[in-house]
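TrEMBL lists 773-799 with the feature compositional bias 'Low complexity'. Marked as region 'Disordered' by TrEMBL: 773-809. What TrEMBL lists as transmembrane segment is 12-32, 336-353, 360-380, 431-451, 463-486, 522-544, 899-918, 938-964, 1001-1019, 1031-1055.
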Amino acid sequence: MNISAPFIRRPVGTILLTIGLMLAGVGAFFMLPVAPLPQVDFPTIMVQANLPGASPSTMASSVAAPLERHLGTIAGVSEMTSRSGVGSSSIVLQFDLSRDIDGAARDVQAAINASRADLPATLRTNPSYRKANPAEAPILILALTSPTRSPSEIYDAVSTVVQQKLLQVQGVGNVELGGAALPSVRIEVNPLALSRYGIALEDVRTALQSESANRPRGILDAKGFSWQIYSNQAGLHAADYRGTVIAWRNGAAVRLSDIADVVDGPEDIRTMGLFNGKRAVPVLISRQPGANIVQVVDSLKAQLPALRAAVPPDIHLDVASDRTLTIRASLREVEVTLLIATLLVVLVVSLFLRSWRATLIPAAAVVASLLGTIAVMYLAGFSLDNLSLMALTVATGFVVDDAIVVVENISRHIEAGMKPLAAAFAGAREVGFTVLSISLSLIAVFVPLIFMGGLVGRLFREFALTMSIAVMISLVVSLTTTPMLASRVLLGEESEGRVMRWARQSFDWAQARYAVALDWALLHRGAVLILLTGTVVLNIYLIAIAPKGFFPQQDTGGLMGGLRADQSISFTDMQNKLTRIVHIVKGDPAVATVVAFTGGSRAGGGFMFATLKPRNQRPPVQAVIARLRPKLARVSGVSLFLNPVQDLQVGGRSSNSTYQYVLKADDPDVLKAAGQKLVDALKQHPDTVTDVDIDQQDAGADAFVEVNRDAAARLGVTMQAVDAALYDAFGQRQVANIYSGLNQYHVVMEAARQFNGSPASLANIYLPLNPPANNASNNPTPTPSASATPTAAAPTASTGGTGAGGSAVAAGNAVSTSARTMTPLSAIARWSTGSTNASVSHSDGEPSATVSFNLPAGVSLGQAAQLIAQVQASLALPATVHGEFGGTAKVFAQSTGSMPLLILAALLAIYIVLGILYESAIHPLTALSTLPSAGVGAMIALIVTGGQFDIIALIGIILLIGIVKKNAIMIIDFALEAERGEGLDPVAAVREASLLRFRPILMTTLAAALGALPLAIGFGDGAELRRPLGIAIFGGLIASQFITLLTTPVVYLALDRFRRRHGAAERGLARHGDLPLAPGATA
């Protein structure tokens, strides 16, 4: 049966079908979504809880731990990490790849609701969650600056309008504002003045709370007319609060201005943001896991004109960082690479066929196959990303193979004198089975990748399917369009030009040399088999010694870094150091913009994001980092850990370096000692790991207040009163809400700056003694409110009073009317200074410490992993301390064990397919014998070029398995046909087949090699991702080309002899002609 015959007879229909396929591909190309990589994001949700003024230990024990107990029961959680700092806790949940993020979000909300009863009553708002990965770099950073407005005013405008609009964009996971805080009315209390008036700090808080209350007042309704009731309320600014009556003493009102400075200021005065050195409010926008980064950024940019119009005209909104710029540039480079690869492939075909007419046929087949693949990619929901475009680039060398085999065989018949139409029928019939064998065995290589689970499987599934689709379409085109075009386009002999004559002479010379080498190999089969065995051993050795990695480190044109200063550093010093660092980074000629911020819960730390200039205007990102390091080292007391932004982010842990190793232990003290020992030991190996850091922040300064409980009880001072007074004085306590038409603000209370600068300030705190007797009774008589008009006479003591923990507060009394007897805090407590945790980390509910590190140039992740294992073993850490890699390093450790299995699975798949096609258990081994030489060539190429054996190079090895065995298939098919059809003995048959198929073998191999060459050379954006694939394929093909042309005939003869001596079943099949024949051949 000749599958090609109907299409050769119907040229118009065949051409129209081919054009339709190509047009579908052109249309799909412009509709395919664009992304840096296939969708491989783990569903990740971040839970945030805030309790201003709370210490990290308090946040970890009373907020993070209860939340973790409930969140840890959710199905599908693969990793749960938390970090508690001053006033905030952040818990990151990462789910299995199979988990739907929306369903996970509903479970998270249910767990938060269930945990509310276990959380402190002082937690003003419920914990919230966002569908975003905090460890991933923001996809877009906006910076808002103003020459006339304060950062707090800019922040107000952003949080009121801009933030909400940004969060409404589809795919946005989180919008974080930094560098400032909302405006507030700040009450800076003078504790000495309070003690003179006999007023407690809690009296001030209660009065302010009552003054700012916004309660319903009802409606008057009479005779068909109604009046809504309003009253004069506290205003929005400090001036509206200064006259607030806090207490009555000796018949006179004690107003807020008498005991405090009342000013307008930010809620949090310890925060700062910079954009290129100027004060700014950075807006960090993160995407939801799984959202297409390019589509989300395009949607965000479409909102910018409206956002600029929504903020006051003196606020400037600039795009400080856009990750999609380098993504688009990288994809453009891959498209250029694809075009170059196609042209190189066509050039190879032209030189070998020596006819522009013959060249047009494979060229048309390549274009039709690639465009048809793009059409199917669109139907399958794929994206145009680096990996899918790399698959198309490599496929140029694959899809041309089938067309080359068909055209070359038809050309051979025409050169022998046959008419083009008859040659098309005969040539297509002869190689139909060969083309089918090559294509199906190549597709078999990708079956393990398609069905592989985990991150690696998800990452390369689109790659494998794209390659398989391209091969399938190429198979269809080569058996339909290619022979039809050959029957109409090929005209026999053409006049040779100088280039074509040189190409023919070169090929004739090469074929003659090959004939000599082949005859030698057939006479010295033992030596050839020893050579083949040597390649197997060498292959194993090279894989063992090759440096191993997980994913190439990309140059995406962005840097992100964490700042680490002394944990007890003052905010003023941190401001100065951050300003100097930004100035240094911005001064580098490769840097375009810099955004940095510090403050909030990041005590002694901060973050910085730098956008680099286009790739053709600067050196590689690692060179930029190396250039900045010595300059940044001159800023004493602070470290900046710079890391290149990566498209592939694994894990939800934020760290100062790229790779992570996580230690866990039940005892925090044991963990602290073990973590520091490991860090100190790793720092002794700067040639293998750099930027070694640990997230343990246990050197923060603390002031420990030790209360004499007996003395406090004698005086009637409760621990609640002590805690409340300290929180009122030093916690920037939000004591009341202020409501405007668009936003809500807070009244923030703390001791004046001259009274909260050092532990000595604790001596200025006074506490009320046991409350007056009337406060102990539930007196229903109302007390004058802060907004009531005072009478001339002072209220009596019986009309109310307030006190810490007193019942009068519960009854609603807001204004103190009787002087308290006050006692200094020093009368019941003493204090001392020491160190404490500046942050507390948990991993899966256990105390944890994350050691992070980077790799020097030329060092692989495998070498670093080996070093860490050796160092940890040498330290003899306590048995209760156990460690594991986290993030990218964890996936690397998992993938290292799966690499050999993946290669074995690909070999098994090819063996099964070829065994079915040949109905033989022996002949597939001949095809598989070509693989060791390809592996040797690939590994030598990687090692010589300084590359690593990572998963990109592994895909190259797997592709080689599919490519190089086609040489053996072409020889096997024609050798079997020569034995059966011409009656030749095996030696003569395999020799004739090898020489006859030398030209198509050389053509297909060089086409595939030159298709991979642009990837191997690697230029432009994203080259570091493409280079390992191209190097592995190019090196493997070149090595296999020289070796397999000699080893395949020898292996064929050795296995044929084995089959004839020991394979009775196969011998019977061969004798009766039951082995599959090429269509048209006779037994």
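Even glycines carry a Cβ here, placed using N, Cα and C.
By the Cβ criterion (distance under 8 Å, sequence gap of 6 or more), the transmembrane segment (899-918) is not counted as touching the transmembrane segment (463-486), fewer than 3 such pairs being found.
Of the Cβ pairs linking the transmembrane segment (12-32) with the transmembrane segment (463-486) and spaced 6 or more residues apart, 3 or more are under 8 Å, so the two regions touch.
Counted over residue pairs separated by six or more positions, the transmembrane segment (1001-1019) shares fewer than 3 Cβ pairs under 8 angstroms with the transmembrane segment (360-380), which leaves the two as not touching. With a threshold of 8 Å between CB atoms, the same-chain residues lying at least 6 positions outside the transmembrane segment (938-964) that come near it are 394, 397-398, 441-442, 444-446, 449, 456, 459-460, 463, 467, 539, 542-543, 546-552, 858, 860-862, 895, 899, 902-903, 906-907, 910, 930-931, 1005, 1008, 1016, 1025, 1027-1037, 1039-1040, 1044. Counting same-chain residues at least six beyond the ends of the transmembrane segment (522-544), those with a Cβ under 8 angstroms from any Cβ of the stretch are 929, 932-933, 935-936, 939-940, 943, 949, 987, 990-991, 1043, 1046-1047, 1049-1051, 1053-1054.
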